[in-house]
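Chemist: Quick one: the structure is below, questions incoming.
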C-alpha cells in the first residue's frame, strides 16, 4: 500500500510540473508576473499594467554610431532603407568621415548600375554625360564590374556597351585598360574551366571593343589562334561567333592573318572530325564572308561616336603575366584625401563636359544658359517619349465608343456621352467610322444611328466634313460589304442627306456608268435614292436634282458627255422606279443627233468660209478668161451653121435635076 501511494504521489507531482510548462504552439510566453488561465483577463491585466507603468522610450541612436555598426563588414553591412539612408546622410555633416564616404560610395554604385542598365542605342548620347557626371575615377572598378555583368546578361546590347566604353576611354583611358585586363583574365579562367557561356560573352565583348579601336587586333588574333590551335566543338563555335563580329574589321586591318584564320577553318572542315552542326556553322561563316559581312558591320551608324584620331588603343596581349585586375576597386575603402580627390574630379568633369562655373559674365548669360538647358531637356524628353505603334490607344478608343453607343438608352444620351470622350485632333473620323460600323452590324437599319450622326453633323462643321470623308471611303470600299451591311449603310447616308446633315456635294464621287460601277455600288445607289424618295418625295427630289445650282454635283449620276453612259443611267433609274428623274436625260439623248448634226454643219460652214476667203483673189482672172472663150465659141458655132445650110441647098438641087 505504501509503495502504491508513493507511485500515485509521484505521478500527481509530475502532472503538476507538466501543467506548469508552456504548451507548444500557443504563441509567446506571457510577460513576467502575469499568469492567468483566462486569455482575455490576462490581456486586460497587461493593458492596465502598461497604463500604470508606461514603457521607457527607445534611446535615439546617433546616426554616426549607427553607420559605424552597419558598416563594419567589408561588403556593406546591413541593408539601409532609402529614406533612412537619406535622413542619416543629412544628419552627417562631416564629409570627410568614413560614414559619409560609405554613403557616397553606395550612392555611386547605384547610380553607375542604373545608368548602364538603361543605356540603349537611342539614348546613349544622353546617358554618357550623366555617366561622366559620376566620379568614374573613384568608381572605375564599379564601372567595369557593372558593364561586364550587364553585357553577359544581355548579349545583343554588346555593341552599345562597347560604344559607351569607347567614349569613356577617350577621356579616361585607365577605365578602358582596366576593362580589357579584366576581360582577358576572365577569358583565361573560363577557358581553363571549359565555361562556354562565359567564353562566348567575353569574346563577344572583346570583338566589339576591337571594332571600336579600344583593344588592339593582336588580342583578337591571339584569341582565335588559341581557340583553333586544339579545336573542339565548343572552341570552334566560340571562334565562329567571334569571327562573325570581328571578321570585317580584321579583313580591313589584318588581311593576311584573317586569311590564315579562314585557312585553318577550311582545314578543320576538310578533316571531317567535327559534328555536322559545327560544319554547318563554319559553312555559314564562309557565306557571311562571301557576302562581305553585310549583316555584321563593325560599327553601326548610330554607334559611331568617336573619331579614329581621338581613340586610344590598348596593346594588351592574351599571354601577359603581370595583369592586375584590381579587385580592391570593387569594394569601399576609406580615402583620407576624399575632398581633394572630389575637387580634382570636378575639374576633370568640367573639362570633359565643358562646364565652367567660374566664368559667369552676368545674369543674362545665365538666364540664356538656363533657357537653352530647358530647351535641350525638352527636346530630350520628346526624343525619349514612348511612341505607341501597336495602336493600343486607338483600339481602346474604339472600344470606349462602342460600349458608350451600346449602353445608351436613346440618341440624345448617346450624343451626350460621346461628347464627353476626350478626343485628340484628328480622331473625329474614328468616332464617325465607329458609328457607321455599329449601324452596319445591325440586322435592320435603326434610326437611332442616323439621329446620332445628324446631331453631330449639325453641332460642328468638322463633324460634317468627317462624315463626308466617311461617305467617300465607304463608297470606294462598298464591294467589301455583304448585302445587309450595305443596305444599312446606304439607309444611314440617305437619312443624313434627307435631313441636310450631310451636304449633297458628296454625290460628286459617284460616276454612274458601266465601267466605273460594280453590282455592289449600283445596289448602294439604288437603296440610297429609294430612301431619299421615301423621306423627301419624288417631286422634291426631282426639284433638287434639276436645280442648276446643284448641276455639278449630279453630273456623274446623270452623265451627258457620252450617249452610252446616258442610256445606262436612264435604264438604271427606270429599272429602280425613278424614271421621272431622267426626263432631262431623255430629251438630251433625243436631241443628241440634231445637236451633233448642227455641230458638224457649223464646223463645215466655218471650213467653207475659210476656203472662200482664201480663193477670192483668183476669182476675177478666171471670169475674164471665161468670157473670152465663150465669145470665141459663139462665133465658131455661127459659122458652122451657115455651112450646113449651104450643103442642104446643094443636095436638094441635085435631087430635083435627077427626077426631071
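Every residue gets a Cβ built from N, Cα and C, even glycine.
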Chemist: Looking at 281-315, 316-350, 351-385, I want to know which stretch TrEMBL calls region 'Disordered'.
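Modeler: Checking TrEMBL against the ranges 281-315, 316-350, 351-385, the region 'Disordered' one is 351-385.
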Chemist: When the domain 'MI' (396-512) is classified with DSSP, how many of its residues are helical, how many are strand and how many are coil?
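Modeler: Going through the domain 'MI' (396-512) residue by residue, I get 87 helix, 0 strand, 30 coil.
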Chemist: Mean pLDDT, the domain 'MI' (396-512)?
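Modeler: Averaged over the domain 'MI' (396-512), the predicted model reaches a pLDDT of 90.
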